[in-house]
Amino acid sequence: MLVNNVFSLLCFPLLMSVVRCSTLSRQRRQFVFPDEEELCSNRFTEEGTCKNVLDCRILLQKNDYNLLKESICGFEGITPKVCCPKSSHVISSTQAPPETTTTERPPKQIPPNLPEVCGIHNTTTTRIIGGREAPIGAWPWMTAVYIKQGGIRSVQCGGALVTNRHVITASHCVVNSAGTDVMPADVFSVRLGEHNLYSTDDDSNPIDFAVTSVKHHEHFVLATYLNDIAILTLNDTVTFTDRIRPICLPYRKLRYDDLAMRKPFITGWGTTAFNGPSSAVLREVQLPIWEHEACRQAYEKDLNITNVYMCAGFADGGKDACQGDSGGPMMLPVKTGEFYLIGIVSFGKKCALPGFPGVYTKVTEFLDWIAEHMV
């Protein structure tokens, strides 16, 4: 009887719109961990899991058609999946606040040297299960940042190519150990198009560039990683190829969006465990972004998590950016497929420590600074 009621409420009235709903579902669920919970939220549910409607008794017991219909987050065949609340608290459709639309606000300032084409990646993969080796050439803006110390040149951080002359990385990657001064530009170099740091026969054909200018945020604080962003200017113009091209900056898209619960990608050559060995090959992982308040509470004994920070990771740990991933990109695709740089790997408690997400510099909070300094 329950099954029949559910189908009469949801499935049959929606058959005429199943194509539209399925398309929206794919857009929402395109980049997910199939082995992890599919997190979701809507105006009825602050935090939920996208699951088969028959498995969500909390919503079924409400006997509210509009609530069920507007909670749809996907389909299993023709059976709807709904955003099922993690707690028993869920408001009815008559109590829910009205849906709002946001008018796109014009950006205050846009760098004149942004590329016309950006964010085009080279993989058909739409999901990552845990951390894994990235396909060769999948992330063509990924940058290895080298530092020469004591005559030895080694990868210390990651970065993201954003124009044909500029790489964005973390401020803590470019300052001295005291965090007081920027290291000279000639100790830095970058490598584009790399896959395996220690192999020359992996078909990646990387290219090295010297760095002529290093600009870090003038109000960077090493103790709290506040304003953890820097721009490297390369000595020559980068010729874009299928394996080397820039990621988009969120000037016209994502700038004012609430990114909580979204699942961006992070890439790097960092260690796969705290104090463990570095990875020779580029690795990728996909992590959910935390609600700001949850992140603030997680770190409230350590520092004040303001709006310039963004947190991502699983509450039970297990997957995270790690040592050596610093400065690397947090990347989110838009509906048209282009990837945007929304975060910079900054810091965390060890690596994937339960209860403590990784912390990232929120790029949308620094777009005016980038426009001013990326010349």
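Quick reminder: no glycine exception, Cβ is built from N, Cα and C everywhere.
What Swiss-Prot lists as region 'Disordered' is 90-113. The domain 'Peptidase S1' annotation in Swiss-Prot covers 128-375 and rests on sequence analysis. The feature active site, charge relay system is assigned by Swiss-Prot to His172, Asp228, Ser326, with sequence analysis given as support. Marked as Ca(2+) binding site by Swiss-Prot on the basis of similarity to another entry: Glu194, Asn196, Ser199, Asp202.
Shown on the structure are the features that Swiss-Prot records.
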{"residue": "His172", "record": "active site, charge relay system", "CB count, 10 Å": "21"}
{"residue": "Glu194", "record": "Ca(2+) binding site", "CB count, 10 Å": "24"}
{"residue": "Asn196", "record": "Ca(2+) binding site", "CB count, 10 Å": "18"}
{"residue": "Ser199", "record": "Ca(2+) binding site", "CB count, 10 Å": "12"}
{"residue": "Asp202", "record": "Ca(2+) binding site", "CB count, 10 Å": "15"}
{"residue": "Asp228", "record": "active site, charge relay system", "CB count, 10 Å": "28"}
{"residue": "Ser326", "record": "active site, charge relay system", "CB count, 10 Å": "25"}
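Secondary structure from DSSP puts His172 (active site, charge relay system) in a helix. You'll find the Cα of Ser326 (active site, charge relay system) roughly 8 Å from the Cα of His172 (active site, charge relay system).
It is 31 Å from the Cα atom of Asp202 (Ca(2+) binding site) to that of His172 (active site, charge relay system). Cα distances from His172 (active site, charge relay system) to the recorded positions Glu194, Ser199, Asp228 are smallest for Asp228. The CA atom of Glu194 (Ca(2+) binding site) is located 24 Å away from the CA atom of Asp228 (active site, charge relay system). Summarising model confidence by region, the domain 'Peptidase S1' (128-375) averages a pLDDT of 89. Neighbouring residues of the recorded Ca(2+) site, listed in sequence order and excluding Glu194, Asn196, Ser199, Asp202, comprise Ile136, His195, Leu197, Tyr198, Thr200, Asp201, Ser204, Pro206, Ala280, Val281 (Cβ within 8 Å of the Cβ centroid).
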